[in-house]
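Copied over from Swiss-Prot:
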- D70, E101, H104: Fe cation 1 binding site (BINDING)
- E101, E163, E197, H200: Fe cation 2 binding site (BINDING)
- Y108: active site (ACT_SITE)
Amino acid sequence: MRRILNKESDRFTLYPILYPDVFPFYKKAEACFWTAEEIDYSSDLKDFEKLNENEKHFIKHVLAFFAASDGIVLENLAVSFLREVQITEAKKFYSFQIAVENIHSETYSLLIDNYIKDEKERLNLFHAIENIPAVKNKALWAAKWINDTNSFAERIVANACVEGILFSGSFCAIFWFKKQNKLHGLTFSNELISRDEGLHTDFNCLIYSLLDNKLPEQMVQNIVKEAGGVEVEKSFICESLPCDLIGMNSRLMSQYIEFVADRLLECLGCSKIFHSKNPFNWMDLISLQGKTNFFEKRVADYQKSGVMAQRKDHVFCLNTEF
């Protein structure tokens with residue numbers, strides 16, 4: 001743990017790169033940068049008004065959770081990880097992630113603002129942590145890991161759970177609407193945001209892999225399953241805000257969350273505990289995979305031009321055959 005948390009007083013510049021495994025994550029985040037203004041919300045309101053009341057209720061509360069949870073993630077980054085982690089390459093990633101999480105929060109707020117015309121209801125959703133028990137319970141679990149009384153290793157694993165598991169059921173449910181060709185603005189922003197969160201999850205796993213003093217495997221599995229993670233997400237998406245409301249099968253959703261959790265455990269260097277298969281074949285490309293994943297594929301070919309290219313790719317050549 002010393003390498004990560006000990007201050008590098010002589011590193012005020014990025015180069016030379018001392019952590020070649022960490023730096024590419026910053027470049028990936030930079031390559032995938034987008035803004036809320038790039039999403040076309042124009043047809044969403046018509047689609048939203050055509051939904052039944054159960055579907056509307058589900059979308060409203062999922063967006064309320066997302067809007068609130070991004071604030072918690074931001075707090076965790078700014079108060080804890082950016083301050084504690086001393087690797088310059090990691091600080092670059094965390095700094096960029098803060099900007100990206102702000103964009104996620106803005107996007108969810110715009111969607112709520114676009115869908116909900118009643119001011120009182122809109123304010124209730126914006127203050128979901130205080131007003132909506134299902135959101136409050138989930139947010140409280142995420143928020144408690146900001147507390148410095150937990151070890152750094154515990155908090156980095158818990159943060160991986162927040163970004164890798166606690167969003168998974170909601171992401172999956174929104175892709176259910178994409179499968180039905182509805183809510184194009186919401187579903188496209190969901191593609192971009194789920195890609196970003198997958199990258200953030202993988203980065204948490206990378207930082208954990210660099211720790212000298214890792215947690216016992218059973219403790220990691222407990223954080224993922226019992227202490228929060230899987231059980232919290234199942235409770236939210238299958239009970240408090242059941243995905244049955246939109247026509248999805250809660251049993252299969254539980255299985256999907258277990259599948260995602262197993263992928264995360266493997267990414268953290270631990271054994272699977274559920275051995276569940278992905279029950280939604282249409283989610284194969286967008287589940288939170290570890291190495292070669294959907295986020296490498298880049299949604300809708302969305303990547304900043306040239307950012308991930310190597311220097312040799314920019315060589316001007318006159319003898320190329322056409």
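Yeah, the Cβs are placed from backbone N, Cα and C, and that goes for glycine too.
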Of H104, H200 (the binding-site residues), the residue whose Cβ has the fewest other Cβ atoms within 10 Å: H104
Binding-site residues compared (D70, E163) - highest count of Cβ atoms within 10 Å: E163
Residues within 8 Å of the D70, E101, H104 Cβ centre (excluding the Fe cation 1 site residues themselves): F66, S69, G71, V73, L74, V100, N102, I103, S105, Y108, I193
Euclidean distance between Cα atoms of H200 (Fe cation 2 binding site) and E101 (Fe cation 1 binding site), Å: 10
E197 (Fe cation 2 binding site): tally of other CB atoms within 10 A of its CB: 24
For E197 (Fe cation 2 binding site): DSSP state (helix, strand, coil): helix
